[in-house]
Amino acid sequence: MRRTIDWADDAVVIIDQTALPGDFRLLRLRTVDQLVDAIQRLAVRGAPALGAAGALGVALAARQNVDVEAEAGRIANARPTAVNLAWGVERALGKLGQGPEAVLAEALALLDEDEQLNETASRHAAEVVLAECPRRPLRLLSHCNAGRLATVGWGSALGVVWHLHARGLVEEVLVDETRPLLQGARLTAWELAQENVPHRVQPDSAAAAAMARGLVDCVLVGADRIAANGDVANKIGTYGLAIAARHHGVPFVVVAPSSTVDKTLADGTGIAIEERDARELTEYAGVPLTPPGSRVFNPAFDVTPYELVTAVVTEHGRFVP
Ligand SMILES: CSC[C@H]1O[C@H](OP(=O)(O)O)[C@H](O)[C@@H]1O
């Protein structure tokens, strides 16, 4: 599969994730405005992919007659929770003094590293899952999308599935649909189908019942920001999954590159949680889902305390707070 995000002909090229699973189409982003819009619409999404978007966005700005520092700030602030976005911006911005080509070279190096780091992190995590889960083959549960589409190309939590599936060790993946934007139903199911991995899509509300019925050997999730004490910000619903997993004695494994760890935060209480547009809940494809005027609570992420996490695994292995 091609990279989720790349650079070609002086443009940031992304797979338009809002069009999947029905249409596979590319978007060529030639301005910072187009990039910020794509980030905010989740046409490009997922912490590592956002890190790459941040770096390539600075490369885009550096080649145009704009205030690069100001444009970099707009990109970094496009979505607040995933630490990787600002991290990617800062990394590319650090080369600005050496000129636009140096900024682009740094951004492209970040893309190559992302694929390698997520492949390594997920390989380590696969061994952790095998050690924590005696039953074979494995029945896994995923939430949101932490696959190829959430990174430059390999995937973090779903990267574990690629490693285990290649060894014939996956019986099934239960895919949380992940309301309201359905990253699981639309994106994770699409990726698993591409790789012929057995899977079933389920309502997010079925996850605890699946565990109660013994259908889950391990929960696998990605992360958007990990605090120094191991608290994990991830897609809304992750915290409830962790509580259910602890209640049912199911291992709960978080997979992320170390660029997702924010050591400036002592714990998860300091993580900014993105609140998203009410229309994501009040309508779908233009069809009203609630009475007119209904108010909503639509946080895009929640924070899972490290005490509920079996392991956080990066390219360095188990993360130890
Ligand atoms: C591998 S990071 C994936 C992470 O990002 C997702 O959020 P969003 O779809 O809003 O970008 C979700 O939290 C995933 O776990």
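Glycine is treated like the rest: Cβ placed from N, Cα and C.
No curator has checked TrEMBL annotations; they are predicted automatically.
Substrate binds Arg45, Gly46, Ala47, Gln183, Asn234, Lys235 as TrEMBL records it, and from the list Arg25, Arg74, Arg79, Arg213 the residue named for this site is Arg79. Taking a C-beta cut-off of under 8 angstroms and a sequence separation of 6 or more, Asn234 (substrate binding site) has the following same-chain neighbours: His143, Cys144, Val221, Gly222, Ala223, Asp224, Val254, Phe301, Asp302, Thr304. Under the three-state DSSP scheme, Ala47 (substrate binding site) falls in the helix class. With respect to ligand 1, the recorded positions Gly46, Arg79, Cys144, Asp224, Asn234 contribute Gly46, Cys144, Asp224, Asn234 as residues with a C-beta closer than 6 angstroms to one of its atoms, given in sequence order. Proximity of Arg79 (substrate binding site) to non-local residues of its own chain (separation of 6 or more, Cβ distance below 8 Å) is seen for Ile39, Gln40, Leu50, Leu85, Glu274, given in sequence order.
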